[in-house]
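Q: According to TrEMBL, the record shows the following:
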type: TRANSMEM; residues: 6-27; note: transmembrane segment
type: TRANSMEM; residues: 48-70; note: transmembrane segment
type: TRANSMEM; residues: 82-101; note: transmembrane segment
type: TRANSMEM; residues: 113-137; note: transmembrane segment
type: BINDING; residues: Asn153, Asp213; note: Mg(2+) binding site
type: TRANSMEM; residues: 157-175; note: transmembrane segment
type: TRANSMEM; residues: 182-202; note: transmembrane segment
type: TRANSMEM; residues: 222-248; note: transmembrane segment
type: TRANSMEM; residues: 285-306; note: transmembrane segment
type: TRANSMEM; residues: 312-329; note: transmembrane segment
Amino acid sequence: MTVALLSGLVLTAGVSASLTAVVIPLLKRAHVIDVPENRSLHQRPVPRGGGLAIVLAVSLTAWVAGLVALHRFGAGAVVARLDIALIGLTTVLAFALVGLAEDLLSMAVRTRLILQLALGAGLGIAVCSVLEASLWWAPVVSMGTAVLVNATNFMDGANGLACGHAVATSLWYVLVATVAPLPGLGLVMISVAGASLGFLPFNAPRARVFLGDSGSYALGGAWAFAVTVCLAQGVAVEAAVAPLLVLLTDTGYTLWMRMRTGRRWYEPHKLHVYQRLVSAGWPHWASALLVTLAAVSCSALAAASIVSPSRIWMPLVGMTTILFLYLQTPSIVGASSPFLTPHGTR
């Protein structure tokens with residue numbers, strides 16, 4: 001199993017890197033370019049939409065893996081084990097298409113939200129049907145999916161951040177899938193890990209291409225799929241969400257503080273923790289590494305809670321401490337807080 005997973009990781013990384021090299025000039029020719037604006041952390045135009053390479057790599061390698069499994073184990077065994085994988089791949093692809101439409105057409109906020117909720121509902125219905133869980137969970141999955149997709153999208157603003165976090169997060173879910181066991185989840189997540197790893201050198205430390213909404217939406221959809229499957233199969237909540245807590249904490253805290261200080265919560269900004277660190281002089285890679293380390297640390301504590309469930313309070317306290325320190329990092333390094341003065345006052 002370990003050899004197969006490692007082979008899948010390396011194969012997907014190679015395919016993703018090759019596809020990214022092909023996609024970059026195509027995006028330039030199509031003028032799919034991210035031009036710097038007030039909320040941007042980059043200084044020059046960069047092609048966006050590189051997440052297409054990740055999605056294609058995930059789809060191609062998962063398809064090849066499915067064919068190999070079909071030949072080795074037979075149709076009955078493969079269908080029984082990998083129906084969840086098909087749901088995951090469909091979810092990733094569907095969200096990538098919505099993100100691509102946003103990259104190319106700049107859809108209205110309401111339209112994007114409706115599509116996210118609809119795809120989230122579809123994910124919830126599909127997973128609940130296959131795993132024989134109550135369909136009453138579908139609305140919860142729908143809303144949770146929209147939250148995760150948007151949180152991932154909001155946190156994709158520094159070179160290497162979303163992809164570095166994606167490598168760590170998807171490998172965590174591979175571990176969970178191996179222990180549970182959840183082979184369908186493991187197949188999708190090892191593909192996401194490899195594809196993100198192959199894309200990373202093109203995105204950091206100096207970005208030659210951005211994920212774009214096609215990539216960040218696809219990753220958000222992948223996380224929604226992983227959490228839904230884990231919870232439906234009885235995986236502990238802290239293990240199901242551990243690596244995503246840093247994304248949700250940063251996004252939730254920033255949203256709350258913006259509303260509290262009289263800012264319009266829906267307007268673009270540069271007030272996320274990682275954005276404030278870059279604005280204070282941190283290199284992009286340092287902010288990206290901080291987010292990834294927070295995700296890895298929370299995952300390690302979640303693993304400890306699985307080993308010793310009777311002492312679950314200790315990992316929970318540890319996670320809370322990590323997330324609190326993450327939020328305080330700008331203050332610790334001397335960055336000024338934009339939330340001390342209500343917006344519009346002098």
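Cβ coordinates come from backbone N, Cα and C, glycine included.
Annotations in TrEMBL come from automatic prediction, not curation.
The model shown is predicted, which means the values in this text are computed figures rather than measured ones.
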Q: I'd like to know if the transmembrane segment (113-137) touches the transmembrane segment (285-306) in this structure, counting it as a touch only when three or more C-beta pairs sit under 8 Å and are separated by 6 or more positions.
A: no
Q: Return yes if the transmembrane segment (157-175) and the transmembrane segment (6-27) have at least 3 CB pairs under 8 Å (sequence gap of 6 or more), otherwise no.
A: no
Q: Give residue numbers and ranges for long-range contacts of the transmembrane segment (6-27): same chain, 6 or more residues beyond its ends, CB-CB under 8 A.
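A: The answer is 33, 47-50, 52-54, 56-58, 60-61, 64-65, 187, 190-191, 193-199, 201-202, 208-209.
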Q: If you count Cβ atoms within 10 Å of the Cβ of Asn153 (Mg(2+) binding site), leaving out that atom itself, what do you get?
A: 24
Q: At a 10 Å cut-off from the C-beta of Asp213 (Mg(2+) binding site), count the other C-beta atoms across all protein chains.
A: 27
Q: Is the transmembrane segment (82-101) packed against any residues at least 6 beyond its ends, judged by a Cβ distance under 8 Å, and which are they?
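A: The answer is 49, 51-52, 55, 58-59, 62, 66, 69, 107, 112, 115-116, 119, 122-123, 126-127, 130-131, 149, 153, 182-185, 187-188, 192, 212-218, 220-222, 224-226, 229.
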Q: How about the transmembrane segment (113-137) with the transmembrane segment (222-248) - do they touch, taking at least 3 C-beta pairs under 8 Å (6 or more apart in sequence) as contact?
A: yes
Q: Give the nonlocal contacts of the transmembrane segment (182-202) in its own chain as ranges (CB under 8 Å, at least six residues past its ends).
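A: Long-range Cβ neighbours of the transmembrane segment (182-202): 5, 8-18, 20-21, 24, 50-51, 53-55, 57-58, 61-62, 65-66, 81-89, 92, 160, 163-164, 166-167, 170-171, 173-174, 176, 208-209, 211, 215, 219, 222, 225-226, 229-230, 233.
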Q: Where else in the chain does the transmembrane segment (222-248) make close Cβ contacts, counting only residues six or more beyond its ends and a cut-off under 8 Å?
A: 84, 87-88, 91-92, 120, 123-124, 127-128, 131, 133, 137, 141, 144-145, 147-149, 151-152, 155, 165-166, 168-170, 172-173, 176, 180, 182, 184-185, 188-189, 192, 291, 294-296, 298-299, 301-303, 305-306, 309, 312, 315-316, 319, 323, 326
